[in-house]
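Novice: The feature Zn(2+) binding site is assigned by Swiss-Prot to CYS424, ASP426, HIS606, CYS621.
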Amino acid sequence: MTTQLNINSVIENAKRVITPLSPISIFAARNPWEGLEADTFEDVAKWLRDVRDVDIFPNKALIESAVARGELDESVFNQLVTDMLLEHHYNIPQHYINLYIDNIKTLKDVPASYMNHSNVDVVADLLLEKSKRDMAESYHHYDVRPMSDAIIDEQGEPLSEQVNRQMIKWTKLYIDQFLSSWTMPKREQSFYHAWLHLAQHDHSFTKAQRQVIKGLPNDPEMTIESVLTHFSIDQEDYQAYVEGHLLALPGWAGMLYYRSQQHYFEQHLLTDYLAIRLVVEQLLVGDEFKSVAKDCESRSENWFKQTVASWCYYSDMPSDVLLQHDVNEIQTFIHFAATMNKNVFKNLWLIAWEMTYESQLKQKIKAGHESVAGALDVNQVNVSENDNANQPHSVLLNDTQAVDENNSELNQMGTSTKAQIAFCIDVRSEPFRRHIEAAGPFETIGIAGFFGLPIQKDAVDEQFKHDSLPVMVPPAYRIKEFADRYDMNVYRQQQQTMSSMFYTFKLMKNNVMPSLLLPELSGPFLSLSTIVNSIMPRKSRASLQKIKQKWLKKPETKLTIDREFDRTSDLPVGFTEQEQIDFALQALKLMDLTEAFAPFVVLAGHASHSHNNPHHASLECGACGGASSGFNAKLLAMICNRPNVRQGLKQSGVYIPETTVFAVAEHHTSTDTLAWVYVPDTLSSIALDAYESLNDAMPMISEHANRERLDKLPTIGRVNHPVEEAQRFASDWSEVRPEWGLAKNASFIIGRRQLTKGIDLEGRTFLHNYDWRKDKDGTLLNTIISGPALVAQWINLQYYASTVAPHFYGSGNKATQTVTSGVGVMQGNASDLMYGLSWQSVMAADRTMYHSPIRLLVVIQAPDYVVARLLANNEHFARKVSNHWLRLMSVNEEGRFKSWI
């Protein structure tokens, strides 16, 4: 029992190095380093470089591209270098330091000739011995790594590649999601037991190896302990050893991690996986593990060689000249090179890039408000010229106040804003919102797309239930969609007819004899379909939609808003009346919409339309777990239209006029259109006027938004008909880049809309409404930071990781991806399960980046004490800031910006 508890504890702690990977059909953004944020970004970067040779800093090409495009100010970098050197004193001639810095900051690689020089070996051996005697700081410690990583096979590749191939084969068999007609035997017992049963008959193992498998214990924890003992791994190194195996195939391990969280009977799935993997490693390594007992020492020796070569190359000091110095001087030189290694300068380039963006964002906001100040009547501005003379940035807040007051007065008179449209904070809504506001008396609002509703949706047109909220939060309620019984029966029959046709096709394709006949039967139809889809993608897509609407038309549906008893549900179905009032109040507060209601309030979810795109869920709403957010929007709108809810809100101080109506639309991000999801049958006259005004303005809004978006796509030249071109991109099944998604996301602004209204933020900013003056205890701000801001950071770091380390954290080229086991994509048939974003999602061309890999900048419009209180109360967020996983900036009531570093 002690052993079992110890192994389970080791595995539980080792999970930190991977992230749960959901199936591609419900793809949700994940921060690949969420479990490592207790350490600093820099420490994790160093550790990943040591254990997997993965570099998570932007490389030389990305840095040079950023400088060339004006995204990175070299003077900022040079100042950072100067400041760093002033913090330390080195007993080294200044000209050597200058040469070293001037050379290494270019990020040039050290030529192999320097590494192979005999003098470098001599110096490295000398320093290694001295560091062992003195326990010097420069001694570089390496964690123990899997034995199979240290052994090279006859083909010249690490033996771990053979282990990986075995694990990919077995994991694919176990995970398979309804694609194979013949599933893995005994999988219902466990992954480990199914493998034990089958591996005894697997002739890729020798007869002796199969005998070893036959004698393995039935308990996976005992098996793991046995292998670790066999390899003479010290108990304090168990976790590092297990982490090495999880990182070998983080995609497949991540998928198993996800499944272990979803189903009680699979909660020990990672334990099964590791037991199998360690056994396979033991079988393939054999007795060769005895030859790698000094692996850590040899890696340290190699590190010394690299550091010596770096000093000689960057300082322009030949190795024979280095040997002429005494050992203490040599140690000083090498200590300097170790301290000022290339990763340090990559980190400085990254910080300079982020500081440049921060500066450019501040200038945009200031410039935007200076132009507003010029347009405002001087009597509306609440300060005098003399007051501003010594406060150059104070125009920012005062202009915001003036605009706030101006809008509020006009709203109360009923002559200003016709419609208020609440969009998801998604960066793609920023340009669309800007064009809507420019088109008429419309106000836009930013809120997370799940609208504060912690629900699991059960939609009539979806096969499975879906958690429609951020993935880090479990659902608390289930909401069912239903329709009239007769309509529902007809719809179900139509669904069954369609699904039976597809099931028959799949059954024939996956069975030996029928699959031989299938090309003859389906060939003519599929050939015609291929030709039509290729030549006329937009028309064929439209025709298909018309056919679908005719033969599988979704009936008019309602939602289970009120609490219902359902013994089959593990979650409460629907809400009580008080819960409806509470959720409506919370959502309105999060939207900063508790007064001055327009006659027509639209809650706009968002969705993306693309064809033949396995990663379509990555373009959906991240706050809804990789699904469209129209369902949540409809639920909230229906709640807010209820008289009893409005009465309850009135008692809480929120009065919604009787003439105000809530409706629901969906922003289609791939075509920049607004599709109506729910509009009440009865509209007040002023609400109807607002509805018609918005509809009339939409064609022009879509054209402007599409033109702006299409100009950024690399395969587009001059666009004469942007709306038609956008629809073609969304319909074309050969299009690898129907839209950019959330690429180039860089900041998250929490504040009043007037802070950024009219400013072109280039579709790079998440915008969330917030007024600190209405949030006395900071609860709303903490909610925004703990939910929407966290989702934004996960999205940001997934894009970041897929750009800086695409081979490890990306998913490769879309054109060569293979959808595997119904859960994800691979490159070829023997790769890891790729769990990041594709190359086309972050790069414009082979050597031209599109996404700028910088960490998220969170901007809060509030006084310093409000931000300080947030950091004191929210340790999780404070740790992200202090450990450099994101950047934090605030703007106070005087309009002054502050960076919280």
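Backbone N, Cα and C atoms are what each Cβ position is placed from, and that goes for glycine too.
It should be emphasised that the depicted structure is a prediction, and the values quoted were computed from it without experimental measurement.
Give me the local environment of each listed feature.
Specialist: Counting every protein chain shown, 30 other Cβ atoms lie within 10 Å of the Cβ of ASP426 (Zn(2+) binding site).
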Novice: When you measure from the Cβ of CYS424 (Zn(2+) binding site), how many other Cβ atoms are you left with inside 10 Å?
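Specialist: Looking across every protein chain shown, the total is 30.
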Novice: Let me know how many other Cβ atoms fall within 10 Å of the Cβ of HIS606 (Zn(2+) binding site).
Specialist: 26
Novice: Suppose we draw a 10 Å sphere around the Cβ of CYS621 (Zn(2+) binding site). How many other Cβ atoms does it contain, all chains included?
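Specialist: Here the count is 31.
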Novice: What is the set of residues, excluding CYS424, ASP426, HIS606, CYS621, whose C-beta falls within 8 angstroms of the centroid of the C-beta atoms at the Zn(2+) site?
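Specialist: So the extra residues in range turn out to be PHE423, ILE425, ARG428, SER429, GLY449, GLY605, GLU620, GLY622, ALA623, CYS624, SER629, HIS667, THR669.
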